[in-house]
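Per TrEMBL, the features are as follows:
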type     : residues : note
TRANSMEM : 20-39    : transmembrane segment
TRANSMEM : 51-69    : transmembrane segment
TRANSMEM : 106-129  : transmembrane segment
TRANSMEM : 135-156  : transmembrane segment
TRANSMEM : 168-189  : transmembrane segment
TRANSMEM : 195-216  : transmembrane segment
Amino acid sequence: MADCDTDQCRLLLHHVVPGIGVLTALWIFVAPLASVRGIQDSQSIGAVNPLPFPMIVANCLCWLVYGLLVQDPYVFGPNIAGYQLGLYYTLTAYNHADAAFRSRVLTILVASSLLVFSGGFISFIVLHGQGDARTIMGSICVVILAVFYSAPLSTVRQVIKRRDSSPIDLTLAIASIANSSLWTVYGFAVGDGFIWGPNLLGVVFGAVQFGLMAIFPRRSSTLARLDAVSAGGGRGEEARLTSTDSD
């Protein structure tokens, strides 16, 4: 555990920082709500990228189990809400998605659930929460969280190709880097590498997004739409973009 000689320091690092981290985590989990409601209203996925939704489910499920294992309410608390929201987002998108997305969703949910529940069984039942239990469950969470944080970087190629950072959600980028920074500090404070390690990676990913926004300024929505229509090749794409431009 990191040195902290005063009560004020312990209060700050062990309670205030993770408390704010809980709020920023909830901010991230709530962020897709408007887009998901748009899917419900339009009865179509449109321009929304739904793949992060099942990753929210997988990420929150893993940290729920890890938080229970290490008995840390700051870890498992926000992930209860995140897991429920992730399921809502995923099921809504699943109902209006094509076969390819449905197949990916099932793969992500089945694979992550099998991984998490296997790790949980070994940690709780076989090892009774002792010995290598923390290492096993923590390692699984690190892998899933790393994938979760790297998901927004799938837009990097598009940003560089068009020299336009419009595809990057500024609000979500701010929330992500704030959240990962807070949990990095808390992880160091409690001496838990499974918390600070992947969240430090989240800080790096967030910095990359802000770097791209600095290098490639956001263009107007009209120009971005015209580029997308040109890339899509026709009026069908234009109609699709127009119907989902509320994002």
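The backbone N, Cα and C atoms fix where each Cβ goes, and this holds for glycine too.
What you are looking at is a predicted structure, and each value in this text was computed from that prediction instead of being measured.
Highest Cβ pair count under 8 Å relative to the transmembrane segment (20-39), across stretches 51-69, 106-129, 168-189: 168-189. Remote same-chain partners of the transmembrane segment (168-189), defined as residues 6 or more beyond its termini with a Cβ less than 8 Å from a stretch Cβ, comprise 1-2, 4, 13-14, 17-18, 20-21, 24-25, 27-28, 31, 74, 149, 152, 155, 159, 195-197, 199-203, 205-207, 209-210, 212-213, 218. Taking Cβ pairs closer than 8 Å, the transmembrane segment (106-129) reaches residues 51, 54-55, 57-58, 61-62, 65, 69, 90, 136-137, 140, 144 in its own chain, all 6 or more past its ends.
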